[in-house]
Amino acid sequence: MPKRDDINSVLVIGSGPIVIGQAAEFDYSGTQACRVLREEGVRVILVNSNPATIMTDPGFADATYIEPITSEVLEKIIIKERPDAVLPTLGGQTALNAAIRLDELGILAKHGVELIGAKVEAIQKGEDRQLFKDLVIESGADVARSHVAKTLEQAVEFAEDLGYPLVIRPSFTMGGLGSGFAHTRQELERMVADGLQSSPTTEVLLEESILGWKEYELELMRDTADNTVVVCSIENVDPVGVHTGDSITVAPALTLTDREYQHMRDIGIDIIRRVGVDTGGCNIQFAVDPADGRLIVIEMNPRVSRSSALASKATGFPIAKIAAKLAIGYRLDEIPNDITKVTPASFEPTLDYVVVKVPRFAFEKFPAADAELTTTMKSVGEAMAIGRNYSTALQKALRSLEKRGSSFHWGPESRSVDELLETSRTPTDGRIVTVQQALRAGATAEQVFDATKIDPWFIDQIVLINEVADAVRDADELDAETLREAKDHGFSDAQIAEIRGLVEQEVRDARHAADIRPVYKTVDTCAGEFPALTPYHYSSYDSETEIVPSDRRKVIILGSGPNRIGQGIEFDYSCVHASFALADAGYETIMINCNPETVSTDYDTSDRLYFEPLTLEDVLEIVHVEQQAGELVGVVVQLGGQTALGLAKGLEAAGVPILGTSPSAIDLAEERGLFSGILDTAGLVAPRNGTAVAIDEAVVVAEGIGYPVLVRPSYVLGGRGMEIVFDTATLHDYFLRMADQGIIGEGKPLLIDRFLDDAIEIDIDAIYDGTELYVGGVMEHIEEAGIHSGDSSCTLPPVTLGRGQIQQVVDAARAIAEGVGVRGLLNVQFAIGAGVLYVLEANPRASRTVPFVSKALGIPLAKAASLVMVGTSIAELKASGLLPERDGSDVPMDSPVAVKEAVLPFKRFRTKDGLIVDSVLGPEMRSTGEVMGIDRDFPRAFAKSQEAAFGGLPLSGTVFVSVADRDKRSIVLPVLRLQQLGFEVLATAGTAEILSRNGIQARVVRKYSEEPAAGDSPSIVDLINRDEVDVVINTPSGRTARADGYEIRAAAVAADKALFTTIAQLTAAVASFDAIRAGFDVTSLQDYAIAREARR
């Protein structure tokens, strides 16, 4: 049937901040939905708390609300905007749970708003573990033996029936949060307690163990006429026991017989019908026992999921876009295929290639965490690759991770076969490389299967890769036949060079001399049956290319690769905006990226998309083919984070024009000695500092500066490897760890700075065109210096800096931009201590705050910067209206205040003892995402940011206080205010004594480490675990920051308590309590823009 005429406006609920298990794929889904709904003439109202998303740009919705995703806020938006319907199926678990809550509270019925995309009954059937289990059994399909428990006592009782080990799965959670395998009653009790806490319905499923079974997924879509398509089958290379988000996956499924696949397909279609998903998509997971072929259904997601984004990129079938159309009444056969233009969406995609996804982990950020992979998702990103066979796709995906040791290698291996096999028994990041090394060392495929339960077919493919490597090594010369064989199995020039004992350029020269270059094939959804009209390409060493020549001037934009802590969706935001701006300016835009989660890898974001690894070899080959197909103006490297910047020198050396800031200028900012010269010339001050490439040098520099010092490697993002070091012994230990990781050495010096304690940190984002500096925004960090800027909350405009100080910051940034030779974006970090402005670092590239600044002040920084890179002046951008005349350094007094807050993943990472890793913040970034609060003043904006990031602050109850000696003076006023607000105060003995002297009565509780006296009260950890504490204030003392109070902080995180580890954050929170009690107003970005124009 045609589009429904009774739906004229739709409220789309986004997924909120990037967290493990719910990442950039929902920005991709939501952006697609907003686009298609507006194309259909539907008024779109969007709510999302994440400013780093493309979907929250005002151009993608008619009313855009960057607000907390809570029932109260959603009702206010509904009252204000009067939507006809709410679409929750494209915003992950966050949106789905929010929609169910609106229904339960009667808010939808009260305001006459319909839920579209999935009915509440369908959501309940798909998400409620018991309902779904009953439904699968009714269909005649099989499930694992299981029980649903709502209490710990029930769980213990059911475990006796099921036996150990068993699986715990909470209801209505995402990314496997709170799930796991329990081998003992002690593990069961801990995991069930976590699971009940994580589940919004307080229930967990206890399931018989299916460890080691093969795992599969189907992506399905269904419309109101009961047309159902299976978009894609996905197979997990890792067996059951590893969360699918942490497993290497392959599409299409490769080890199923046709009969098995058809059986799985029939079950999937029957389930989607019984659940009642009839206006959208769903994902169903299956397991197959390799011993006897028994097939069971594990679970389903009655919404667009993480796997949906992967399936969309793998097939070219835009699941989110089609789901949005189905939600407003279309049938599948009424929706044309964007890629072919002649086939409808009711045609199932067909693949004539193989797609492999490999997860990206960040265990280096959490050294105390247990790195074993389980049913709780721990990866922070993923890379995807497309190849004509599995070995090519796998090798391309592994090198897309950009991690040392992540690709197969053939250098010396010190471990024995037995050691390698034993290591491979435990699923960890990089297990696939351990398997390759074990096979290379002489292990049989059978031994590897016994150790890992990875299907023998996948093991045989690694055997084949090793055989090809042997042939490359043993060849008399590196001839065309040998090279082509290696390339047909995905070997990079660097791998071939390692095997042959050559340098990479020698292999490249030999390959080019033999005229062996990749060709580029097209993702077309139909295995070549119909012509593809969207240029979405992948490389192959076949004979025929599918690149169409063009007479337009081209610009290549390098993306940022897989998400990781320190380099996430914020950089993709800048790449996407550059593509839009350059296309509007008449350039043909070419995107290179390998991240399936992002908007940049949508086939209609750029004129041409290459889904390829971001390595020098892969990028140079694309540059070559594009130069053959027309005029290439240059390559943009300053938007894709350190990934793209790291390729700048190699590209320039190969004669490729780099747009914007030159590689030599980038070096000026990164190389400490050169940058110090620029600061001296400009009369600017940096903290006392030095560099070292050897440990003896480092000790001399550190002792000359005086401890504590801040140490960090060069050329890294997200503060990787950054630490505060208090003595020489710690410096020795630090240096050895960094050197082992290969991030300190010749050409990569260690940077050593005086640590500025009690300083205010400031960020500025700006654009420089060689003549004029245009300030995007000046941000003041709420936490003191020493906490990474990516983890610190910040406010825009600043709330404690005077106009004179802001002007001083702007003047310093201008001098740095001129001295470095910036053309495009510049981010500079400063600190003000004892009245002195210090320059901490300058980055001549996009920063992670660009989206926040753009949303807070309505300045399209990334678009403007991309045009400056191709020669447009800031004066011309002002004249065109793209940039406002008044820049972000001059914010009117009555402007709204925006606060950015970081979201941290501590709850995902536990030690081997089961404790959550320490949540103390420091100079190494550990946040996965961010939220924004915006309102008329700082207290209200901060309150919104806390609501969006952590679910809000309690307005009454019990507060526990235990702080380091240095903070005892600062703690008095905030705690006094909390007591005045009605909080009962608990404290450890030392802190309670200080509070008492200042007129604050506190009940003394013992520390976790103190022995209880006879008849003594419970420890603070016991009280937190009993839910008798609402707010925890615990600041660690400097030298023992990682240990002091750790148990207290771990308990607070596990119990989802409000936790403050800095006085600055606490002070801001206390100031916001009155704002929270008064309630929030909601204002769209479009309304803020109208008010901004009126002020100009």
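Easy rule for this one: first residue shown is 1, then count along the chain.
Cβ coordinates are placed from backbone N, Cα and C, and glycine is handled just like the others.
Cross-referencing ARG712, ARG886, ARG908, ARG910 against the ATP 2 binding annotation in Swiss-Prot, which names ARG754, LEU756, GLU761, GLY786, ILE787, HIS788, SER789, GLN829, GLU841, picks out ARG712. Nearest to GLN829 (ATP 2 binding site) in space, judged by Cα atoms and limited to the binding-site residues GLN285, GLU299, ASN301, is ASN301. Within 10 Å of the Cα of ASN301 (Mn(2+) 2 binding site), the following binding-site residues from the list GLN285, ARG712, LEU756, GLY786, HIS788 place their own Cα: GLN285. All protein chains considered, the CB of HIS788 (ATP 2 binding site) has 23 other CB atoms within 10 Å.
In the three-state DSSP reading, ASN301 (Mn(2+) 2 binding site) counts as strand.
Pairwise Cα distances among ARG712, ARG754, LEU756, GLU761, GLY786, ILE787, HIS788, SER789, GLN829, GLU841, which the record gives as the binders of ATP 2, peak at 18 Å. The shortest Cα-Cα distance from GLU299 (Mg(2+) 1 binding site) to any of the binding-site residues (LEU756, GLY786, HIS788) is found for HIS788. When pLDDT is averaged over the region 'Allosteric domain' (951-1096), the result is 86.
Secondary structure at LEU756 (ATP 2 binding site), taken from DSSP and collapsed to helix, strand or coil, is coil. Sorting the region 'Allosteric domain' (951-1096) by DSSP state (H, G, I as helix; E, B as strand; all else coil) yields 65 helix, 20 strand, 61 coil.
The distance from the Cα of ARG712 (ATP 2 binding site) to the Cα of GLN285 (Mg(2+) 1 binding site) comes to 43 Å.
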